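As structure tokens, the structure follows; a few thoughts come after it.
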Amino acid sequence: MAHRWTNDLTRADATPEWAFLNRRQLMAGAVAGAGLAALGGPVRAATEGLEPNSWDEITNYCNYYEFGTGKTDPAANAGALTTDPWQVRIDGLVERSGTYDLTQILDQVTLEERIYRFRCVEAWSMVIPWTGFELADLLEMAGVQEGARYVAFETLYRPEEMPGTRYPVLDWPYREGLRLDEARHPLTIMATGLYGKPLPNQNGAPLRLVVPWKYGFKSIKSIVRITLTEDEPYATWNRTNPREYGFYSNVNPEVDHPRWSQASERRVGGGLLSRRQPTLMFNGYENEVASLYEGMDLAKLF
Ligand SMILES: Nc1nc2c(c(=O)[nH]1)N[C@H]1C(S)=C(S)[C@@H](COP(=O)(O)O)O[C@H]1N2
Ligand SMILES: [Mo]
């Protein structure tokens, strides 16, 4: 069974108004192949203080067990993954189920840059400039049926290209899930890029989920299937060890992991940034997402 081994921001930083800006306004920050584009006024203002980690840090310190359990294994092994062509099956409780070419999906969405905090359950964190689009837009494309309450996600399982899957480290394929309202939240994105460049394989190319207020393992990589369901779906880490990894796994400094504190985190990076810093409720996105969990006991439904 898998076992895990064992990081300046102000209140203003935790309020990314830009996440709710009109799509047209965000075009100022769109990246569309132009490298890291200059961000528009309001976008820049609201992301000040979030100094992103470097390309090297983000792409060399990874968790992607399909390529090995070491932090540098994915960078070493994921180059062999074929990410083009890429198809995503969308099924379950949707109006237009089917197998979609990624190019077909990307033709219909607007890519934006989102600079998000990223907090792993192992208590390290980074700040990452993703390129992506809102998952809500993809769900709208597929047409969510009445009765759907959750969204399930599945990673590619291709042992020939994924040496880590030749061992029963996890019950492959890697799977994750969100409640439908979480999936539709404007902070929830499907990432296709990093620093305005295509997503490196080790970071989950060509398409991965990013849910910035949840522990990193919820942000499933290299997605090939999205299923709308009525019941809470299988989620790999949750099912592997439900005592340690809840289905929700919202970042919460007050609910410790059974084997370590979640009150603080090590910000990956050199110099002053590598000091420990307090972990923020919902990873700093409390104003945006707390209402999703009103009335829920966050210690019980962790
Ligand atoms: N398919 C798959 N997705 C995955 C993982 C994995 O092992 N396999 N690891 C998760 C964990 S634990 C984290 S912290 C993030 C790491 O993302 P990064 O390597 O891009 O920083 O990916 C998540 N998504
Ligand atoms: Mo993680």
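Heads up, the Cβ atoms here are built off N, Cα and C, so glycines get one too.
Annotated Mo-molybdopterin binding site per TrEMBL: Tyr65, Glu66, Cys120, Thr155, Asn203, Arg208, Ser219, Ile220, Lys221, in sequence order. Under the heading domain 'Oxidoreductase molybdopterin-binding', TrEMBL lists 82-237.
Taking a Cβ distance under 6 Å to any atom of ligand 2 as the criterion, the binding-site residues Tyr65, Asn203, Ser219 reduce to none. Once the Cα atoms of Tyr65, Glu66, Cys120, Thr155, Asn203, Arg208, Ser219, Ile220, Lys221, the listed binders of Mo-molybdopterin, are compared pairwise, the greatest separation found is 18 Å. The Cβ of Asn203 (Mo-molybdopterin binding site) has 23 neighbouring Cβ atoms from other residues within 10 Å, across all protein chains displayed. Neighbour density for Cys120 (Mo-molybdopterin binding site): within 10 A of its CB lie 20 other CB atoms from the protein chains shown. There are 25 other CB atoms within 10 A of the CB of Ser219 (Mo-molybdopterin binding site), with all protein chains counted. On the 0 to 100 pLDDT scale, the domain 'Oxidoreductase molybdopterin-binding' (82-237) averages 98 in this prediction.
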